[in-house]
Ligand SMILES: Nc1ccn([C@@H]2O[C@H](COP(=O)(O)OP(=O)(O)OP(=O)(O)O)[C@@H](O)[C@H]2O)c(=O)n1
Ligand SMILES: C[C@](O)(CO)[C@H](O)COP(=O)(O)O
């Protein structure tokens, strides 16, 4: 059973506020995107990868692929205005039995988690990575008064990778295309009425979104005992 990976990397990083796209910000010796790609390119259960970047960053992406010998990346294609559109554009390049979708700016996903979600999607057809909420979550109206405290026991903070039987994900995106906005891919599958399984992820699998996250990223890098010249996948 073949496994493909879509890496959405076509965002503009508004919340990061840097001139440089956050996916190309360096984490030690490589761009964040490269750290992320190394995990999937070196994983024995991954067959091929498609990267979705901004049109003006395609060439630069190919340069890094060559430099780092990331041979499983079969294509780099331009993305869309929203993440959902970018993912669908990447999905159209894959014909594998299963597809994982993983944010380019989550460089700390572990090979173990990738393996676990691949094993599970073969049984469940739709799986999302998540961690139990640590904070209490409340809903607030426009005036910033609390309108509801949401019972925490059943709440999860959803991450990527998310894994799907390919045709299921294709059907979900095709049905939603231009009609339904979703912040993650599993929401589109939920809209089909298909059960989505949760697999417990890792709190270190952060999405690098705002400048603070770069501090957390450095701490995780050090915590893993990585030396300056190591890539994230080769732990000491
Ligand atoms: N049109 C878009 C928007 C986002 N992404 C990708 O989706 C992932 C998660 O998105 P996010 O963290 O929101 O990135 P940005 O959209 O760049 O951030 P912001 O919302 O702050 O602009 C990132 O790897 C980002 O590059 C994408 O491929 N295409
Ligand atoms: C897909 C995701 O990472 C799951 O938590 C998240 O929804 C992406 O949101 P973003 O605003 O596109 O970063």
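Glycine too: its Cβ is placed from the backbone N, Cα and C atoms.
Unlike curated entries, TrEMBL annotations are predicted automatically.
Taken from TrEMBL as is:
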SITE      15  site 'Transition state stabilizer'
SITE      22  site 'Transition state stabilizer'
SITE      152  site 'Positions MEP for the nucleophilic attack'
SITE      207  site 'Positions MEP for the nucleophilic attack'
- 15, 22, 152, 207: which of these recorded sites put a Cβ within less than 6 Å of any ligand 2 atom? 207
- Message: Highest Cβ count within 10 Å among the recorded sites 15, 22, 152, 207: which residue is it?
- Response: 22
- Query: Measuring Cα to Cα, how many angstrom lie between residue 15 (site 'Transition state stabilizer') and residue 22 (site 'Transition state stabilizer')?
  - Reply: 10
- Note on the structure: Whole-Å Cα distance, residue 22 (site 'Transition state stabilizer') to residue 207 (site 'Positions MEP for the nucleophilic attack'), is 11
- Query: C-alpha of residue 152 (site 'Positions MEP for the nucleophilic attack') to C-alpha of residue 207 (site 'Positions MEP for the nucleophilic attack'): distance in Å?
  - Reply: 21
